[in-house]
Amino acid sequence: MPSLLSLVLTFLAVSSPSCCQNSDTASPKASNGASFPWNNMRLPEYITPIHYDLMIHANLSTLTFWGKTEVEITVSQPTSTIIMHSHQLQISKATLRRGAEEMLPEEPLKLMEYSAHEQVALLTAQPLLAGSVYTVIITYAANLSENFHGFYKSTYRTQEGERRILAATQFEPTAARMAFPCFDEPALKASFSIKIKRDPRHLAISNMPLVKSVTVAEGLIEDHFDITVKMSTYLVAFIISDFKSVSKMTKSGVKVSVYAVPDKINQADYALDAAVTLLEFYEDYFSIPYPLPKQDLAAIPDFQSGAMENWGLTTYRESALLYDKEKSSASSKLGITMTVSHELAHQWFGNLVTMEWWNDLWLNEGFAKFMEFVSVTVTHPELKVEEYFFGKCFNAMEVDALNSSHPVSTPVENPAQIREMFDEVSYEKGACILNMLRDYLSADTFKRGIVQYLQKYSYKNTKNEDLWNSMMHICPTDGTQTMDGFCSRNQHSSSTSHWRQEVIDIKSMMNTWTLQKGFPLITITVRGRNVHLKQEHYMKGSECFPETGSLWHVPLTFITSKSDSVQRFLLKTKTDVIILPEAVEWIKFNVGMNGYYIVHYGDDGWASLNGLLKEAHTTISSNDRASLINNAFQLVSIGKLSIEKALDLILYLKNETEIMPIFQGLNELIPMYKLMEKRDMVEVETQFKDFLLRLLKDLINKQTWTDEGSVSERMLRSQLLLLACVHRYQLCVQRAERYFREWKASNGNMSLPIDVTLAVFAVGAQNTEGWDFLYSKYQSSLSSTEKSQIEFSLCISQDPEKLQWLLDQSFKGEIIKTQEFPHILTLIGRNPVGYPLAWKFLKENWNKIVQKFELGSSSIAHMVMGTTNQFSTRARLEEVKGFFSSLKKNGSQLRCVQQTIETIEENIRWMDKNFDKIRLWLQKERQELL
């Protein structure tokens, strides 16, 4: 997981959608030209794996490995064909034993391969009998992957400059088949016995503890690992390296260890302590003991995503696990804690109970994202993570407001379609609708439901409806009040008594959130004591919403000027009326932003709330203030609110001190001038940036150049000083220049305050000498935070040659790791000097980029959006359309392409409608902030 609310707040973060492509529907032909006996991306249901015996022998000198897989299977109907997954494996021999005993004779199997589906067919001479057990034995060899998936090569350099090689795995979603032939679908769970052959100077680790090590030849050791629990193939993991480790025990006797390269093992203590605390929390919260004897956390030098939940051996980017007490930032501590929490939550949600198929990935990822906040709120209260949750919902809404979005639960089939599911909708929206349900039912009732779900489906697979059925048992629909009244609610209504009892049908309610895309816009119109409600599908791209037929069961919450007690109302129809006990001056819906919807206040509703913010903004919570900012600008996009009124509302920020309203204000305002930077609008762009600095000037001037304060205060300081320095606020620039001179004079040995380092580096990188010095320190730094800060600073250079060099070197991966390339490309794509270079680089190197990062991956989506989605001219739109349409199957159908095209179209409409209004508003309001 990237550091929360970090660099991207200044250079607008892009979404991480993925892509899809159609499966091959032609008559299948095997690699030898013969007819392949199976024509489906999914494996047949009549063969089930029971147990795998895996032997892996990797040679880290030749970068090859060979393996032997013995898989015990059962057959439910007679067949002469065994269909398995295999990708880029050279199978040399395949045999069959008719039984599970090793002493039984082996008979040869005829092998056929169909690479389009990444499948092999093993044909038997005599049919397999229903109800019988068989063992398939396959011997094979392959190259270690040069990418970030399968069984792949990773490298690092020691402090002395020696290059060392290790091998690690990343199998989710469909890459276990790149390491061993298998039944690579999440519902085909089995147990695994793993043996690894290695050089004596290396260490092997896997899902389970080491049972014994045997010397099988001179210079060759075979490690035997304990048998696993029943689990999906994508959770298998093994690493061969020279890592060092530190360990602790949980109260229940689970050994927790953190592994890292030797030079960085001193940065493992924070994650180790966090992991122990979080594992103990989850065992208590879920009322289910962690089922394995150990939990390893390994920091991999080359890693495409943030982390991976392999059962018993979670893997991470170094930046997502290692914490340097001297140099790591407050946001880094927050990010590491959340990432460790996420992966450990998966040990229950995802590993113990797994979605049946990838269409319900959100059952894994939405829950893990949600549990990050539930757990860390308790285990690390000083981080105040509850303040940041609603920001995840805004991220999801950015994607979910587009026509190219998809339901939380949506059909997928081929690997690229599966990879596209790893996006904001599965993660953030999934988490947000769970939080909304928890808020509505109460934390205790919700917890009872998910514990029942986990207990019922342990070591099994589930579908969307299984979760809601578990909740239904907690909240029956027979009209009786249970669980302290949480399942039958009294709520305001338009009935003559002003109250009615509302029975909650969890399944029907939540299906409206998981089986249809998008989210509702709730329009509130107050007439005396009557509050008129209307819901419609919020969708960008039109000021007149199409009648989609979408209807949600919306658990509304509200407070008023007369009562800060949260009131609730379940809106299940297109319109309804709430009758208040008395007239009110203002009403605020979606309290705390716990609901996944946005609100428009009709008539003078926005004027009342604007007045509240100007006169007494602390009357409502900081989350409520931030949600008003977000909702106002979302309404500008669809023509429900004028840009002038939204900008008027945000003027109150000159009196704001809390992190989330300020960050939300920046998230709304920065994209506006980023659009202007890419067009010839220098005068208004400059005026807008000046306005932003004046708006926050008092707060910027109050920032100390220290590391004092809470995590949120430190994160706010870092971002405000960076903003001020990047926009050449002289008080900031002068101090940053002085710090940089002193730091450079010390050859980078002087300790800078961590919170101001980013601003100092950003200023220092603006001349050639400073840029070159920063790059030299990047090469030798052992701190992930410091490397990230330098990387950002190098990317905001105004020197096109430097920017082009960064693109070239990060893509080659020799000096700057290839895993950094998507981020570097996106940062340069946000740079007003660099964006043409980034877009050109993406186009010219598309085929190579897809080979490195896989069609459908979130990295590809990140790069597509990051280089194009701040365009706002018709010429650029046609250029983007033309390029991607020319790719055909190699990219034209990517969801991220549809998203960026929609976004550019929206940018064009937005600028056409609002640019002149902003120019006039700036002239009118200029004096107000002086």
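Glycine too: its Cβ is placed from the backbone N, Cα and C atoms.
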Among E162, E172, E185, find me the residue Swiss-Prot lists at the same substrate site as G306, A307, M308, E309, N310. E172
Looking at Swiss-Prot, which one of C393, C475 makes a disulfide with C432? C393
For the transmembrane segment entry in Swiss-Prot, name the matching range from 3-23, 108-128, 234-254, 759-779. 3-23
Binding-site annotation, Swiss-Prot, Zn(2+): partner of H342, H346 in E326, E356, E365: E365
Non-site residues, in chain order, whose CB comes within 8 A of the mean position of the CB atoms of H342, H346, E365 at Zn(2+): E309, E343, A345, F349, G350, N364, F367, A368, K369, M371, E372, Y427
In whole Å, how far is N59 (N-linked glycosylation site) from E309 (substrate binding site) when you measure between their Cα atoms? 26
Determine, using Cα-Cα distances only, which of these recorded positions is closest to G306 (substrate binding site): N59, N403, Y427, N655. Y427
The most crowded of the recorded positions E172, E309, E343, E365, judged by neighbouring Cβ atoms within 10 Å of its own Cβ, is E343
For the recorded substrate site, whose residues are E172, G306, A307, M308, E309, N310, find every other residue on that chain with a C-beta no more than 8 angstroms from the centre of their C-beta atoms, and list them by sequence position. Q170, S305, T314, T315, Y316, E343, H346
Can you tell me whether DSSP puts A307 (substrate binding site) in helix, strand or coil? strand
Name the secondary structure element type, per DSSP in three states, that contains N403 (N-linked glycosylation site). coil
Check the DSSP secondary structure of N749 (N-linked glycosylation site), expressed as helix, strand or coil. coil
I'd like to know which of the recorded positions N59, N143, A307, N403, Y427, N655 sit within 10 A of H342 (Zn(2+) binding site) at the Cα level. A307
Could you tell me the C-alpha distance between E365 (Zn(2+) binding site) and Y427 (site 'Transition state stabilizer') in angstrom, no decimals? 5
Could you round the CA separation between M308 (substrate binding site) and N890 (N-linked glycosylation site) to a whole angstrom and send it over? 27
